[in-house]
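**Student:** According to TrEMBL, the protein has these features:
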type: DNA_BIND; residues: 123-219; note: DNA-binding region
type: DOMAIN; residues: 3-116; note: domain 'Response regulatory'
type: DOMAIN; residues: 123-219; note: domain 'OmpR/PhoB-type'
type: MOD_RES; residues: Asp52; note: 4-aspartylphosphate
Amino acid sequence: MKKILIIEDDRNLLNELREFLGNRGYEVSSIDNFLKASEEALDLKPDLVILDINLPGISGFDICRSLKEKSNIPILMLTSRIGIEDEIKGLEIGADEYLAKPVDTRRLILRMEKLLNLFDHFQDIISVGELRLELSTSKLSYKDAYLILPQTEADIVKKLMESYPEIVTKDDLLEAVWSTIYIDENILQVNITRLRKKLKNLSPYNIYNKRGSGYGLGVYDE
């Protein structure tokens, strides 16, 4: 169930949106302390934020800017401020969609679903430079070349890419891939060796071992 956070001071509109979205299968929450809206939003980890601009004590622009500095949560601004300058400002500081009140609920839901689908796609991909891993398919690609990894190798690459450019300790790698550190190290080494060969044929990236520290993702000419 997707989680929607509504930051809106109009209680009538808030209740209407809560009922409408709830009936569509969304989990809906709201915030009362607008001065701490960005902090509460980060704690709640919603899939999408519906944000008003004219709020008591703070501007929705400031909330949007703060959220986008610390997260990639999609933000849909829903506001009575219909001027083109306001819309441009909202989009420039990071809003992903800008709709004017009153809004047709069919239009609202279509824009929401478009944003949610778009961000679901991006969250499925991890990138380091032009090296990309699609988590749902284990497809590892570099520019136009790609290959499909076995799940274990994909899990290793995922951990290394998420940690790049930092070193990943052996125990952290074992825990991430096998959910335990009690795995024969030879099993890890065999998978690393296979991955090195595949990466060398695919891209300039390699997996290096820093003795006593762990493994890292690097580039051959570094």
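For all residues, glycine too, the Cβ spot is worked out from N, Cα and C.
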**Student:** What are the helix, strand and coil residue counts for the domain 'Response regulatory' (3-116) according to DSSP?
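**Tutor:** Split by secondary structure, the domain 'Response regulatory' (3-116) comes out as 56 helix, 26 strand, 32 coil.
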**Student:** Across all chains shown, how many C-beta atoms besides its own are within 10 angstroms of the C-beta of Asp52 (4-aspartylphosphate)?
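**Tutor:** Asp52 (4-aspartylphosphate) is surrounded by 22 other Cβ atoms within 10 Å.
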**Student:** What does the DSSP secondary structure composition of the domain 'OmpR/PhoB-type' (123-219) look like, as residue counts for helix, strand and coil?
**Tutor:** 41 helix, 29 strand, 27 coil
